[in-house]
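Swiss-Prot annotations:
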- Asp195, Gly196: Mn(2+) 1 binding site (BINDING)
- Asp195, Asp435, Asp498: Mn(2+) 2 binding site (BINDING)
- 160-507: domain 'PPM-type phosphatase' (DOMAIN)
Amino acid sequence: MVDEELFDKSSNDHSISSEEEDMLVRSYSNLNVSFGYHCNSYQCFSLDTDEYDISPNKRLETNTMMTSQNGSFTCLSGAAISANFTLANTNICKGLIGEEILPELDSPNSFRKIVSSPSMSRLDLLSTSQGSPVSTESSIFEISKNIWRSSAPTTVSSNFLTSTEIKMAGGAAGEDRVQAVCSEKNGWLICGIYDGFNGRDAADFLAVTLYDNIVYYLYLLECRIKQENGLYGSPEGSLNGVKSELTLAMRFAENEDVKFSETFRAGVLKCLTTAVEQAENDFLCMVEQEMDDRPDLVSVGSCVLVVLLHGTDLCILNLGDSRAVLASVPSSGMDKLKAVQLTEIHSLENPLEYQKLLADHPNEPSVVMGNKIKGKLKVTRAFGVGYLKQKKLNDALMGILRVRNLCSPPYVYTNPHTVSHKVTEDDLFVVLGSDGLFDFFSNDEVVQLVYQFMHDNPIGDPAKYLIEQLLLKAAKEAALTAEELMRIPVGSRRKYHDDVTIIVIILGNAQRTMTASTSL
(Lines of atoms letter the chains of each structure in order from A and count residues from 1; the text may use other names and numbers.)
(Lines give C-alpha, C1' and ligand atoms only; values in the text may rest on other atoms or scores of the structure.)
Protein backbone atom coordinates (compact mmCIF):
# COMPACT_ATOMS: atom_id res chain seq x y z
CA MET A 1 0.00 0.00 0.00
CA VAL A 2 1.44 3.39 -1.01
CA ASP A 3 1.96 5.64 1.99
CA GLU A 4 1.79 9.42 1.42
CA GLU A 5 2.75 12.27 3.70
CA LEU A 6 2.31 16.02 3.04
CA PHE A 7 4.22 18.82 4.67
CA ASP A 8 5.35 22.39 4.16
CA LYS A 9 8.51 22.69 2.06
CA SER A 10 9.95 25.52 4.14
CA SER A 11 9.09 24.26 7.60
CA ASN A 12 12.54 23.30 8.92
CA ASP A 13 15.81 25.10 9.55
CA HIS A 14 18.78 22.76 9.14
CA SER A 15 21.62 25.11 10.09
CA ILE A 16 24.41 23.61 12.20
CA SER A 17 27.11 25.06 14.39
CA SER A 18 30.70 25.47 13.21
CA GLU A 19 31.77 22.81 15.73
CA GLU A 20 29.27 20.36 14.29
CA GLU A 21 30.35 21.21 10.75
CA ASP A 22 33.99 20.51 11.63
CA MET A 23 32.95 17.15 13.06
CA LEU A 24 30.98 16.34 9.94
CA VAL A 25 33.93 17.06 7.69
CA ARG A 26 36.03 14.69 9.82
CA SER A 27 33.25 12.10 9.71
CA TYR A 28 33.79 11.65 5.97
CA SER A 29 36.77 9.45 6.77
CA ASN A 30 34.48 7.19 8.81
CA LEU A 31 32.14 6.46 5.90
CA ASN A 32 32.61 2.93 4.63
CA VAL A 33 31.00 3.78 1.29
CA SER A 34 30.67 7.14 -0.45
CA PHE A 35 30.16 7.52 -4.19
CA GLY A 36 28.49 9.88 -6.64
CA TYR A 37 27.42 9.95 -10.28
CA HIS A 38 26.47 12.99 -12.37
CA CYS A 39 25.03 12.95 -15.88
CA ASN A 40 25.37 15.47 -18.70
CA SER A 41 23.88 15.69 -22.18
CA TYR A 42 26.24 13.18 -23.72
CA GLN A 43 27.50 10.94 -20.97
CA CYS A 44 27.62 10.29 -17.26
CA PHE A 45 30.74 10.64 -15.18
CA SER A 46 31.72 9.22 -11.85
CA LEU A 47 32.62 11.43 -8.94
CA ASP A 48 35.74 9.87 -7.50
CA THR A 49 36.19 11.10 -3.95
CA ASP A 50 39.94 11.00 -4.47
CA GLU A 51 39.52 13.73 -7.09
CA TYR A 52 36.52 15.69 -5.84
CA ASP A 53 35.77 17.08 -2.41
CA ILE A 54 32.05 17.54 -1.84
CA SER A 55 32.42 18.80 1.72
CA PRO A 56 30.40 21.71 3.13
CA ASN A 57 33.39 23.99 2.56
CA LYS A 58 34.07 23.06 -1.05
CA ARG A 59 31.88 22.58 -4.10
CA LEU A 60 32.44 20.96 -7.45
CA GLU A 61 33.42 23.49 -10.07
CA THR A 62 31.52 22.14 -13.05
CA ASN A 63 28.71 23.19 -15.32
CA THR A 64 28.10 19.74 -16.78
CA MET A 65 25.05 18.98 -14.67
CA MET A 66 22.68 19.47 -17.60
CA THR A 67 21.17 16.23 -18.80
CA SER A 68 19.30 15.27 -21.91
CA GLN A 69 15.53 15.61 -21.81
CA ASN A 70 15.23 11.83 -21.98
CA GLY A 71 17.58 11.14 -19.08
CA SER A 72 16.12 8.95 -16.37
CA PHE A 73 18.13 10.68 -13.64
CA THR A 74 20.34 13.71 -13.18
CA CYS A 75 22.64 12.35 -10.51
CA LEU A 76 22.82 9.96 -7.61
CA SER A 77 24.83 9.67 -4.45
CA GLY A 78 25.41 6.77 -2.11
CA ALA A 79 26.84 6.57 1.39
CA ALA A 80 27.04 4.01 4.18
CA ILE A 81 28.44 3.89 7.70
CA SER A 82 28.83 0.87 9.95
CA ALA A 83 27.85 0.36 13.57
CA ASN A 84 28.03 -3.44 13.79
CA PHE A 85 31.37 -5.19 14.04
CA THR A 86 31.45 -7.81 11.29
CA LEU A 87 34.34 -9.96 10.16
CA ALA A 88 34.90 -10.12 6.42
CA ASN A 89 33.29 -13.30 5.12
CA THR A 90 35.92 -15.20 3.18
CA ASN A 91 34.97 -18.85 3.46
CA ILE A 92 31.48 -19.31 1.99
CA CYS A 93 31.50 -21.01 -1.41
CA LYS A 94 35.00 -22.28 -0.58
CA GLY A 95 36.27 -18.74 -0.16
CA LEU A 96 35.47 -17.77 -3.74
CA ILE A 97 33.13 -14.93 -2.82
CA GLY A 98 35.45 -13.22 -0.36
CA GLU A 99 38.76 -13.90 -2.08
CA GLU A 100 37.96 -13.51 -5.77
CA ILE A 101 34.56 -12.03 -6.60
CA LEU A 102 33.99 -9.28 -4.03
CA PRO A 103 37.43 -7.68 -4.51
CA GLU A 104 36.60 -7.43 -8.21
CA LEU A 105 33.18 -5.90 -7.59
CA ASP A 106 33.73 -3.60 -4.63
CA SER A 107 34.36 0.05 -5.46
CA PRO A 108 33.20 2.01 -2.42
CA ASN A 109 34.36 5.47 -3.49
CA SER A 110 33.82 5.65 -7.24
CA PHE A 111 32.16 4.03 -10.23
CA ARG A 112 34.30 1.78 -12.36
CA LYS A 113 33.72 -0.41 -15.38
CA ILE A 114 32.72 -3.99 -14.72
CA VAL A 115 35.08 -6.58 -16.12
CA SER A 116 32.91 -9.47 -17.31
CA SER A 117 33.36 -12.54 -19.47
CA PRO A 118 30.75 -13.69 -22.00
CA SER A 119 31.74 -17.29 -21.47
CA MET A 120 31.73 -17.61 -17.67
CA SER A 121 29.66 -15.60 -15.21
CA ARG A 122 30.17 -15.28 -11.48
CA LEU A 123 27.33 -17.74 -10.99
CA ASP A 124 29.14 -20.28 -13.17
CA LEU A 125 32.19 -19.88 -10.94
CA LEU A 126 30.11 -20.49 -7.84
CA SER A 127 28.61 -23.61 -9.39
CA THR A 128 32.08 -24.88 -10.23
CA SER A 129 33.38 -24.16 -6.74
CA GLN A 130 30.66 -26.30 -5.18
CA GLY A 131 31.08 -29.14 -7.63
CA SER A 132 27.44 -29.06 -8.72
CA PRO A 133 24.80 -26.67 -9.99
CA VAL A 134 24.23 -23.99 -7.38
CA SER A 135 20.54 -24.79 -7.11
CA THR A 136 18.58 -27.97 -7.49
CA GLU A 137 15.67 -25.94 -8.85
CA SER A 138 17.46 -24.21 -11.71
CA SER A 139 15.70 -25.38 -14.86
CA ILE A 140 14.71 -21.89 -15.99
CA PHE A 141 18.07 -20.58 -14.85
CA GLU A 142 19.94 -23.20 -16.88
CA ILE A 143 17.83 -22.43 -19.96
CA SER A 144 18.72 -18.77 -19.64
CA LYS A 145 22.42 -19.58 -19.36
CA ASN A 146 22.25 -21.77 -22.45
CA ILE A 147 20.54 -19.03 -24.43
CA TRP A 148 23.11 -16.57 -23.12
CA ARG A 149 26.06 -18.67 -24.21
CA SER A 150 24.61 -19.68 -27.57
CA SER A 151 24.32 -16.02 -28.50
CA ALA A 152 27.64 -14.73 -27.19
CA PRO A 153 29.25 -12.39 -27.87
CA THR A 154 26.38 -10.60 -29.65
CA THR A 155 24.01 -11.22 -26.77
CA VAL A 156 26.40 -9.80 -24.23
CA SER A 157 26.87 -6.62 -26.20
CA SER A 158 23.16 -6.18 -26.87
CA ASN A 159 21.91 -6.66 -23.35
CA PHE A 160 21.98 -3.43 -21.37
CA LEU A 161 23.09 -5.04 -18.11
CA THR A 162 26.16 -6.61 -19.69
CA SER A 163 27.19 -3.97 -22.20
CA THR A 164 30.87 -3.14 -22.10
CA GLU A 165 30.39 0.40 -20.80
CA ILE A 166 28.41 -0.28 -17.63
CA LYS A 167 29.86 0.96 -14.37
CA MET A 168 29.36 -0.19 -10.80
CA ALA A 169 30.01 1.29 -7.37
CA GLY A 170 29.38 -0.19 -3.97
CA GLY A 171 30.74 -1.87 -0.91
CA ALA A 172 30.00 -2.97 2.64
CA ALA A 173 29.25 -1.18 5.90
CA GLY A 174 28.97 -3.53 8.84
CA GLU A 175 26.36 -6.10 7.86
CA ASP A 176 24.97 -3.92 5.04
CA ARG A 177 25.88 -3.98 1.37
CA VAL A 178 25.08 -1.44 -1.34
CA GLN A 179 25.44 -1.53 -5.14
CA ALA A 180 24.65 0.87 -7.97
CA VAL A 181 25.05 -0.02 -11.65
CA CYS A 182 24.60 2.38 -14.55
CA SER A 183 24.55 1.85 -18.31
CA GLU A 184 25.38 5.20 -19.89
CA LYS A 185 24.43 4.40 -23.48
CA ASN A 186 21.15 2.70 -22.67
CA GLY A 187 20.09 4.99 -19.84
CA TRP A 188 19.52 2.28 -17.23
CA LEU A 189 20.19 2.46 -13.50
CA ILE A 190 19.89 -0.39 -11.02
CA CYS A 191 20.52 -0.01 -7.29
CA GLY A 192 20.48 -2.53 -4.46
CA ILE A 193 20.62 -2.21 -0.68
CA TYR A 194 21.09 -5.49 1.22
CA ASP A 195 20.66 -5.05 4.97
CA GLY A 196 22.18 -8.19 6.47
CA PHE A 197 21.66 -9.59 9.96
CA ASN A 198 23.37 -12.26 12.09
CA GLY A 199 26.39 -11.77 9.85
CA ARG A 200 27.05 -10.45 6.37
CA ASP A 201 27.20 -13.74 4.43
CA ALA A 202 23.70 -13.37 2.96
CA ALA A 203 24.29 -9.76 1.91
CA ASP A 204 27.61 -10.77 0.37
CA PHE A 205 25.92 -13.59 -1.53
CA LEU A 206 23.31 -11.17 -2.89
CA ALA A 207 26.03 -8.76 -3.94
CA VAL A 208 27.73 -11.35 -6.13
CA THR A 209 24.68 -13.19 -7.52
CA LEU A 210 21.52 -11.08 -7.67
CA TYR A 211 22.77 -8.74 -10.39
CA ASP A 212 23.69 -11.70 -12.60
CA ASN A 213 20.30 -13.29 -11.94
CA ILE A 214 18.57 -10.10 -13.04
CA VAL A 215 20.70 -10.08 -16.18
CA TYR A 216 19.60 -13.58 -17.15
CA TYR A 217 15.90 -13.12 -16.56
CA LEU A 218 15.71 -9.73 -18.24
CA TYR A 219 17.50 -11.24 -21.21
CA LEU A 220 14.80 -13.92 -21.42
CA LEU A 221 12.18 -11.18 -21.30
CA GLU A 222 14.07 -9.33 -24.00
CA CYS A 223 14.02 -12.39 -26.25
CA ARG A 224 10.31 -12.95 -25.69
CA ILE A 225 9.44 -9.34 -26.45
CA LYS A 226 11.49 -9.41 -29.63
CA GLN A 227 9.69 -12.53 -30.79
CA GLU A 228 6.20 -11.35 -29.89
CA ASN A 229 6.58 -7.91 -31.44
CA GLY A 230 8.60 -8.71 -34.53
CA LEU A 231 11.76 -6.89 -33.50
CA TYR A 232 13.99 -9.69 -34.83
CA GLY A 233 15.57 -8.62 -38.08
CA SER A 234 14.14 -5.10 -37.94
CA PRO A 235 16.40 -2.04 -38.22
CA GLU A 236 15.59 -1.11 -34.62
CA GLY A 237 16.25 -4.64 -33.45
CA SER A 238 19.77 -4.71 -34.88
CA LEU A 239 21.99 -1.94 -33.60
CA ASN A 240 25.32 -3.78 -33.66
CA GLY A 241 25.34 -4.00 -29.90
CA VAL A 242 25.04 -0.27 -29.33
CA LYS A 243 21.69 -0.40 -27.59
CA SER A 244 19.62 -3.04 -25.90
CA GLU A 245 16.61 -4.65 -27.50
CA LEU A 246 15.04 -4.39 -24.06
CA THR A 247 15.51 -0.63 -24.27
CA LEU A 248 13.84 -0.70 -27.67
CA ALA A 249 11.03 -2.80 -26.25
CA MET A 250 10.55 -0.25 -23.48
CA ARG A 251 10.26 2.53 -26.05
CA PHE A 252 7.89 0.37 -28.05
CA ALA A 253 5.81 -0.14 -24.91
CA GLU A 254 5.65 3.60 -24.29
CA ASN A 255 4.28 4.21 -27.77
CA GLU A 256 1.72 1.40 -27.76
CA ASP A 257 -1.53 0.78 -25.92
CA VAL A 258 -1.79 0.80 -22.16
CA LYS A 259 -2.42 -2.94 -21.97
CA PHE A 260 0.91 -3.77 -23.63
CA SER A 261 2.78 -1.29 -21.42
CA GLU A 262 1.33 -2.77 -18.26
CA THR A 263 2.14 -6.29 -19.44
CA PHE A 264 5.72 -5.29 -20.14
CA ARG A 265 6.23 -3.65 -16.77
CA ALA A 266 4.71 -6.67 -15.07
CA GLY A 267 7.28 -8.74 -16.94
CA VAL A 268 10.13 -6.64 -15.55
CA LEU A 269 8.78 -6.99 -12.01
CA LYS A 270 8.45 -10.74 -12.53
CA CYS A 271 12.10 -10.85 -13.60
CA LEU A 272 13.15 -9.13 -10.39
CA THR A 273 11.02 -11.51 -8.32
CA THR A 274 12.37 -14.59 -10.09
CA ALA A 275 15.93 -13.32 -9.69
CA VAL A 276 15.46 -13.07 -5.91
CA GLU A 277 13.80 -16.50 -5.77
CA GLN A 278 16.77 -17.94 -7.66
CA ALA A 279 19.24 -16.31 -5.30
CA GLU A 280 17.28 -17.63 -2.30
CA ASN A 281 17.32 -21.20 -3.64
CA ASP A 282 21.02 -20.96 -4.40
CA PHE A 283 21.88 -19.50 -1.01
CA LEU A 284 19.97 -22.10 1.00
CA CYS A 285 21.50 -24.84 -1.14
CA MET A 286 24.95 -23.46 -0.30
CA VAL A 287 24.03 -23.21 3.39
CA GLU A 288 22.93 -26.85 3.46
CA GLN A 289 26.22 -27.92 1.89
CA GLU A 290 28.38 -25.90 4.28
CA MET A 291 26.42 -25.95 7.56
CA ASP A 292 28.46 -28.80 9.02
CA ASP A 293 31.45 -26.44 9.10
CA ARG A 294 29.42 -23.23 9.53
CA PRO A 295 26.17 -24.02 11.39
CA ASP A 296 25.69 -20.29 12.01
CA LEU A 297 24.91 -19.84 8.31
CA VAL A 298 21.38 -21.14 8.89
CA SER A 299 20.56 -17.98 10.89
CA VAL A 300 22.16 -15.48 8.51
CA GLY A 301 19.80 -13.40 6.39
CA SER A 302 19.26 -10.07 4.69
CA CYS A 303 16.58 -7.59 3.75
CA VAL A 304 16.48 -6.76 0.04
CA LEU A 305 15.74 -3.49 -1.75
CA VAL A 306 16.23 -3.31 -5.53
CA VAL A 307 15.37 -0.36 -7.77
CA LEU A 308 15.53 -0.45 -11.56
CA LEU A 309 15.09 2.86 -13.40
CA HIS A 310 14.83 3.49 -17.13
CA GLY A 311 13.39 6.66 -18.59
CA THR A 312 10.16 7.28 -16.75
CA ASP A 313 9.77 3.72 -15.50
CA LEU A 314 10.74 3.01 -11.90
CA CYS A 315 10.51 -0.66 -10.82
CA ILE A 316 11.00 -1.57 -7.15
CA LEU A 317 11.28 -4.81 -5.19
CA ASN A 318 11.64 -5.14 -1.43
CA LEU A 319 11.84 -7.78 1.28
CA GLY A 320 12.08 -6.60 4.86
CA ASP A 321 12.10 -3.09 6.29
CA SER A 322 14.34 -1.06 3.98
CA ARG A 323 12.45 1.73 2.22
CA ALA A 324 12.21 3.63 -1.05
CA VAL A 325 10.61 7.06 -0.59
CA LEU A 326 9.64 9.26 -3.54
CA ALA A 327 9.57 13.05 -3.23
CA SER A 328 7.25 14.99 -5.49
CA VAL A 329 5.46 18.33 -5.75
CA PRO A 330 1.73 18.09 -6.56
CA SER A 331 0.85 19.45 -10.00
CA SER A 332 -1.91 21.52 -8.39
CA GLY A 333 0.74 24.07 -7.51
CA MET A 334 0.27 23.70 -3.77
CA ASP A 335 3.34 24.73 -1.80
CA LYS A 336 3.71 21.22 -0.44
CA LEU A 337 6.14 18.39 -0.89
CA LYS A 338 4.76 14.88 -0.86
CA ALA A 339 6.61 11.87 0.54
CA VAL A 340 5.37 8.66 -1.06
CA GLN A 341 6.61 5.36 0.36
CA LEU A 342 6.92 2.92 -2.54
CA THR A 343 7.87 -0.09 -0.41
CA GLU A 344 6.14 -2.16 2.25
CA ILE A 345 7.35 -2.69 5.82
CA HIS A 346 7.73 -6.43 6.32
CA SER A 347 8.09 -6.63 10.08
CA LEU A 348 5.99 -7.29 13.16
CA GLU A 349 5.55 -3.53 13.48
CA ASN A 350 3.24 -3.75 10.45
CA PRO A 351 -0.17 -4.93 11.75
CA LEU A 352 -0.98 -6.61 8.44
CA GLU A 353 2.21 -8.66 8.57
CA TYR A 354 1.65 -9.52 12.22
CA GLN A 355 -1.89 -10.75 11.60
CA LYS A 356 -0.85 -12.75 8.54
CA LEU A 357 1.82 -14.55 10.55
CA LEU A 358 -0.68 -15.48 13.27
CA ALA A 359 -3.27 -16.56 10.70
CA ASP A 360 -0.75 -18.83 8.98
CA HIS A 361 0.04 -20.58 12.29
CA PRO A 362 -3.31 -20.59 14.13
CA ASN A 363 -2.56 -23.36 16.60
CA GLU A 364 0.84 -22.13 17.83
CA PRO A 365 0.77 -19.88 20.89
CA SER A 366 4.52 -19.23 20.71
CA VAL A 367 4.81 -17.85 17.16
CA VAL A 368 5.65 -14.38 18.51
CA MET A 369 7.71 -14.15 21.69
CA GLY A 370 9.24 -10.96 22.99
CA ASN A 371 7.96 -9.10 19.93
CA LYS A 372 10.05 -11.38 17.70
CA ILE A 373 9.19 -14.36 15.51
CA LYS A 374 9.97 -17.39 17.68
CA GLY A 375 11.89 -14.96 19.85
CA LYS A 376 14.50 -14.52 17.10
CA LEU A 377 13.60 -12.02 14.38
CA LYS A 378 11.40 -8.96 13.82
CA VAL A 379 11.24 -8.95 10.02
CA THR A 380 8.54 -11.17 8.53
CA ARG A 381 10.00 -11.42 5.03
CA ALA A 382 13.68 -11.78 4.31
CA PHE A 383 16.35 -13.46 2.23
CA GLY A 384 18.08 -16.45 3.84
CA VAL A 385 17.45 -17.06 7.59
CA GLY A 386 16.92 -20.72 6.72
CA TYR A 387 16.38 -21.96 10.28
CA LEU A 388 13.01 -20.19 10.35
CA LYS A 389 12.06 -21.67 6.98
CA GLN A 390 13.22 -25.30 7.02
CA LYS A 391 13.28 -27.74 9.93
CA LYS A 392 16.44 -29.48 8.74
CA LEU A 393 18.34 -26.20 8.84
CA ASN A 394 17.09 -25.43 12.34
CA ASP A 395 18.25 -28.87 13.46
CA ALA A 396 21.81 -27.89 12.52
CA LEU A 397 21.91 -25.51 15.49
CA MET A 398 22.83 -26.63 18.98
CA GLY A 399 21.42 -25.76 22.39
CA ILE A 400 19.79 -22.40 22.93
CA LEU A 401 20.47 -21.34 19.34
CA ARG A 402 18.00 -23.89 18.02
CA VAL A 403 14.39 -22.74 17.72
CA ARG A 404 12.12 -24.82 19.91
CA ASN A 405 8.70 -25.97 18.74
CA LEU A 406 9.32 -25.28 15.07
CA CYS A 407 5.97 -26.85 14.23
CA SER A 408 4.97 -25.47 10.84
CA PRO A 409 7.70 -23.58 9.00
CA PRO A 410 8.19 -21.31 7.19
CA TYR A 411 7.73 -18.45 9.63
CA VAL A 412 9.66 -15.96 7.51
CA TYR A 413 8.63 -15.54 3.89
CA THR A 414 10.43 -14.74 0.66
CA ASN A 415 7.60 -13.36 -1.47
CA PRO A 416 8.60 -9.75 -2.16
CA HIS A 417 6.59 -6.61 -2.62
CA THR A 418 6.96 -5.19 -6.14
CA VAL A 419 5.65 -2.00 -7.68
CA SER A 420 6.18 0.02 -10.85
CA HIS A 421 5.84 3.78 -10.85
CA LYS A 422 5.61 6.07 -13.86
CA VAL A 423 7.84 9.04 -13.13
CA THR A 424 6.15 12.37 -13.86
CA GLU A 425 7.28 15.98 -14.02
CA ASP A 426 6.13 16.30 -10.41
CA ASP A 427 8.62 13.71 -9.12
CA LEU A 428 11.91 15.12 -7.85
CA PHE A 429 13.99 12.38 -6.25
CA VAL A 430 13.93 8.96 -4.61
CA VAL A 431 15.64 8.10 -1.32
CA LEU A 432 16.60 4.46 -0.73
CA GLY A 433 17.60 3.55 2.79
CA SER A 434 18.13 0.67 5.18
CA ASP A 435 16.00 0.76 8.31
CA GLY A 436 18.84 2.42 10.22
CA LEU A 437 17.93 5.70 8.50
CA PHE A 438 14.27 5.47 9.45
CA ASP A 439 15.08 4.69 13.07
CA PHE A 440 15.75 8.43 13.35
CA PHE A 441 13.74 10.13 10.60
CA SER A 442 10.24 9.76 9.22
CA ASN A 443 9.60 9.69 5.48
CA ASP A 444 8.63 13.36 5.40
CA GLU A 445 11.69 14.37 7.43
CA VAL A 446 13.99 12.51 5.03
CA VAL A 447 12.41 14.17 2.00
CA GLN A 448 12.53 17.60 3.62
CA LEU A 449 16.19 17.20 4.56
CA VAL A 450 17.20 16.23 1.03
CA TYR A 451 15.06 18.93 -0.58
CA GLN A 452 16.44 21.69 1.62
CA PHE A 453 20.00 20.46 1.19
CA MET A 454 19.73 20.32 -2.61
CA HIS A 455 18.26 23.81 -2.61
CA ASP A 456 21.22 25.14 -0.64
CA ASN A 457 23.84 22.84 -2.23
CA PRO A 458 22.70 21.94 -5.80
CA ILE A 459 25.88 19.98 -6.50
CA GLY A 460 26.37 18.64 -2.99
CA ASP A 461 26.07 15.06 -1.75
CA PRO A 462 22.63 14.42 -0.18
CA ALA A 463 23.37 10.83 0.89
CA LYS A 464 26.35 11.97 2.97
CA TYR A 465 24.28 14.79 4.35
CA LEU A 466 21.56 12.44 5.57
CA ILE A 467 24.11 10.31 7.40
CA GLU A 468 25.63 13.42 8.95
CA GLN A 469 22.24 14.57 10.19
CA LEU A 470 21.55 11.10 11.57
CA LEU A 471 24.82 11.11 13.52
CA LEU A 472 24.00 14.51 14.98
CA LYS A 473 20.57 13.32 16.08
CA ALA A 474 21.91 10.03 17.47
CA ALA A 475 24.50 11.92 19.49
CA LYS A 476 21.92 14.36 20.83
CA GLU A 477 19.57 11.55 21.90
CA ALA A 478 22.46 9.86 23.74
CA ALA A 479 23.47 13.12 25.46
CA LEU A 480 26.82 12.99 23.67
CA THR A 481 28.60 15.43 21.45
CA ALA A 482 28.84 14.36 17.84
CA GLU A 483 32.59 14.01 18.22
CA GLU A 484 32.18 11.72 21.23
CA LEU A 485 29.83 9.50 19.25
CA MET A 486 32.28 9.24 16.37
CA ARG A 487 35.01 8.12 18.77
CA ILE A 488 33.00 5.10 19.94
CA PRO A 489 34.36 2.00 18.16
CA VAL A 490 32.29 -0.06 15.76
CA GLY A 491 30.46 -2.73 17.70
CA SER A 492 29.91 -0.60 20.78
CA ARG A 493 28.39 2.11 18.58
CA ARG A 494 25.49 -0.23 17.74
CA LYS A 495 23.95 0.90 21.04
CA TYR A 496 23.42 4.32 19.47
CA HIS A 497 22.61 3.63 15.81
CA ASP A 498 22.42 0.78 13.31
CA ASP A 499 24.42 0.30 10.13
CA VAL A 500 23.05 2.94 7.76
CA THR A 501 23.03 2.73 3.96
CA ILE A 502 21.52 5.42 1.71
CA ILE A 503 21.18 6.12 -2.01
CA VAL A 504 19.60 9.34 -3.30
CA ILE A 505 18.54 9.44 -6.97
CA ILE A 506 17.74 12.87 -8.42
CA LEU A 507 15.18 12.15 -11.14
CA GLY A 508 14.80 13.56 -14.63
CA ASN A 509 16.79 16.40 -16.10
CA ALA A 510 18.62 19.33 -14.55
CA GLN A 511 16.04 21.81 -15.71
CA ARG A 512 13.41 20.17 -13.53
CA THR A 513 15.83 19.81 -10.65
CA MET A 514 16.92 23.44 -10.82
CA THR A 515 13.31 24.61 -11.00
CA ALA A 516 12.46 22.63 -7.91
CA SER A 517 15.57 23.87 -6.14
CA THR A 518 14.71 27.55 -6.64
CA SER A 519 11.02 27.35 -5.86
CA LEU A 520 11.25 28.20 -2.16
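The count begins at 1 with the first shown residue.
A Cβ is built for glycine as well, from the same backbone N, Cα and C atoms used for every other residue.
What Swiss-Prot annotates, mapped onto the structure for a quick look.
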residue	record	Cβ within 10 Å
Asp195	Mn(2+) 1 binding site	31
Gly196	Mn(2+) 1 binding site	30
Asp435	Mn(2+) 2 binding site	21
Asp498	Mn(2+) 2 binding site	25
Please list, in sequence order, every residue of the chain apart from Asp195, Asp435, Asp498 whose Cβ lies within 8 Å of the Cβ centroid of the Mn(2+) 2 site.
Asp176, Cys303, Asp321, Ser322, Ser434, Gly436, Leu437, Asp439, Asp499, Val500, Thr501
Do you know offhand how many angstrom separate Gly196 (Mn(2+) 1 binding site) and Asp435 (Mn(2+) 2 binding site) by C-alpha?
11
Can you check how the pLDDT averages out over the domain 'PPM-type phosphatase' (160-507)?
89
Using DSSP reduced to three states, classify Asp498 (Mn(2+) 2 binding site) as helix, strand or coil.
coil
Work out how many Å separate Asp498 (Mn(2+) 2 binding site) and Asp195 (Mn(2+) 1 binding site) at their Cα atoms, rounded off.
10
Can you tell me the CA-to-CA distance separating Asp435 (Mn(2+) 2 binding site) and Asp195 (Mn(2+) 1 binding site), as a whole number of Å?
8
